[in-house]
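**Q** Before I ask anything, here is the structure I am working with.
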C-alpha cells in the first residue's frame, strides 16, 4: 500500500474499467471535507517533522564540531544521523506528494514525474524501515556480543546495505507506474488522468505478489527483526539486572551496565515501539484492501484518512524520542 488513497482507488485490473465505471458515467472523484482535513493535518505534520528532524541534524553537526580534532561520532550517533536523514527524506517526499495529490485528486505531473515520484516515494519509505532494522541489529549485537567502539566496519556495511536495498527494491516503481486517461461522462478521453499501476501486470497474481513483497519488506520483515532484537535486549537486560552477569560483560565492572549504553538500549526499544504503533493501522488497512477492495465502500473516509495520517507520526516521534532520552 505504497500509494495515496486516491491512487489506490484507481488501481484495478484492465478488465475492470469499462462502460459501467463511475468515471465513464461522469462521476469523477472530488476533494471531500474529510480529504481537506487530511490535507491540512498532512502539511502540519510535514512542518513539524521537517523542523524536528532538521533540528536534530543541526545538533549532530554542532556536536561534531565541538569534538576534539580526529574524533568521530559514536556508533549510535552515526546510526541516528542516518535514521534522521531517512525520516527527513520520507517527510520531504511522501507528505507533500500525498497532500498535493489529495488536493488535485487526479495527476497533472505527466508520465516522467509519475514514475520518478512513485520511485522516490517507495524509496523514502523503505529507508527508515531498513534503518530501524540496522539500529536494532547494532544494539542487539552491542549488548550480546560487544565489539570495540573503533570497529565500525559492520556498522558501515549495514548502513550501506540499507540504502542500497532501499534503492533497489523501489526500482520496479519506475516500470509499473504510468499515467492513464479516462473518458468523462461526455466521452472526452482527457476527462480524468491518474498515476497508477493499471495494466502493468500480465496476471492478477503478479500484482498480488508484488504487493505482498513490498508489504513484507516495508513492514513484516523489519517488524520481526526489530521484535526479535528488542526481545533479546530486554531479556539480556533483565538477566544482568538480576545479578547474573557471568555470560555477558558490558564493561569493566561485571555488575553494572554503563548508563549511556542503557539509555541507547531503551531508546532503541522506543524507536521500535513507535514504528510498530504508527505503521500497524496503515498496513492492516492495506491488507484488508488487497483481499477485499470493496472495503473502501464500508470504511468511512475519516477512518481511512486517520489510519493513513497515523503513519505520518512516526518520523515526527523519532526526534522526540531521542530528545527525551537525552535529557
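Glycine too: its Cβ is placed from the backbone N, Cα and C atoms.
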**Q** May I ask you to indicate which of 78-97, 138-157 is given in TrEMBL as transmembrane segment?
**A** 78-97
**Q** If contact means at least 3 Cβ pairs within less than 8 Å, sequence distance 6 or more, would you call the transmembrane segment (303-325) and the transmembrane segment (208-229) in contact?
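**A** Between the transmembrane segment (208-229) and the transmembrane segment (303-325), which are separate recorded stretches, there is no contact, as judged by 3 or more close Cβ pairs.
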**Q** Count the Cβ pairs between the transmembrane segment (208-229) and the transmembrane segment (117-137) that lie under 8 angstroms and are 6 or more residues apart in sequence, then report whether there are at least 3.
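**A** Answer yes: the transmembrane segment (208-229) meets the transmembrane segment (117-137) with 3 or more Cβ pairs below 8 Å.
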**Q** When the pLDDT values for the domain 'G-protein coupled receptors family 1 profile' (52-322) are averaged, what is the result?
**A** 82
